[in-house]
Amino acid sequence: MRIRYPFAGAFIFLLILAAYIGLLPHSTPSSVPSHLQPNDKLLHVVTFFLLSLVFYWIPDTTRRRTLQLTMIVCTVVLGIGSEIVQGILPNGRSFDPFDLLANIVGSLGAVGLCSWYHRRMLERRRKARFGALGDGAGDDVELGVGPGHGDENEGLGPQESGVMDLEREVDNWDENAADNWDSDDGADETGGLTGATNESSKTSPPIVNGDRAEGMKRSD
């Protein structure tokens, strides 16, 4: 777990300021009218809202651990413990359950807001990691739909291109069209017979008159 030092410094400053205002004895100046004085409960809500808001981003860890740590430190220890310490110290202040409630409300409000934003930030980071952020959020990369898949044959090897050409020919084949297979076969057979006749005429020896007469006598 890492520590974000800027947030840690801001939290220490706010904690010292809140302790100075809330725990040390003060006298209310008589020159300020009572209706112009700030509401004490509102100050408690704002103070613990800021403390919890800053403390949430100090630890750089998982969302669940950050949530638990913030609630333990800010809501329980500071929110409840400060009122107990305020009632124990001889500073002219007493324990007020409404101040305690204001502390808890302010702290829980900040924790809920930070937790919602943290979850949204993690979801956006996860979508960006898997390439689903932006205009191509609805595209399916595995099916070849999206940026970079405009050309079907782009990036295909010779074997894949041949398969694509064969599939394209099968899709464009018309079963009602006339086939030229018979004419091609007839031409091949005619060419084969002609070649065989020429070959036999070249290889067979010439027949002389004597051999022809001898053959006729044997037949007789």
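Glycine too: its Cβ is placed from the backbone N, Cα and C atoms.
TrEMBL annotations: computationally assigned, not manually curated.
In TrEMBL this protein carries:
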type     : residues : note
TRANSMEM : 5-22     : transmembrane segment
DOMAIN   : 36-116   : domain 'VanZ-like'
TRANSMEM : 42-59    : transmembrane segment
TRANSMEM : 66-88    : transmembrane segment
TRANSMEM : 100-117  : transmembrane segment
REGION   : 141-220  : region 'Disordered'
COMPBIAS : 172-188  : compositional bias 'Acidic residues'
COMPBIAS : 195-206  : compositional bias 'Polar residues'
COMPBIAS : 211-220  : compositional bias 'Basic and acidic residues'
Chain residues in Cβ proximity to the transmembrane segment (66-88) (below 8 Å; excluding those fewer than six residues from its ends, i.e. six or more beyond): 15, 18, 22-23, 48, 51-52, 55-56, 59, 94-96, 99-100, 103-104, 106-108, 110-111, 114-115, 118
Intrachain residues whose Cβ lies under 8 Å of the transmembrane segment (100-117), provided they are six or more past its termini: 41-42, 44-53, 56-57, 63, 67, 70-71, 74-75, 78-80, 82-83
The domain 'VanZ-like' (36-116), counted residue by residue under DSSP: helix, strand, coil: 64 helix, 2 strand, 15 coil
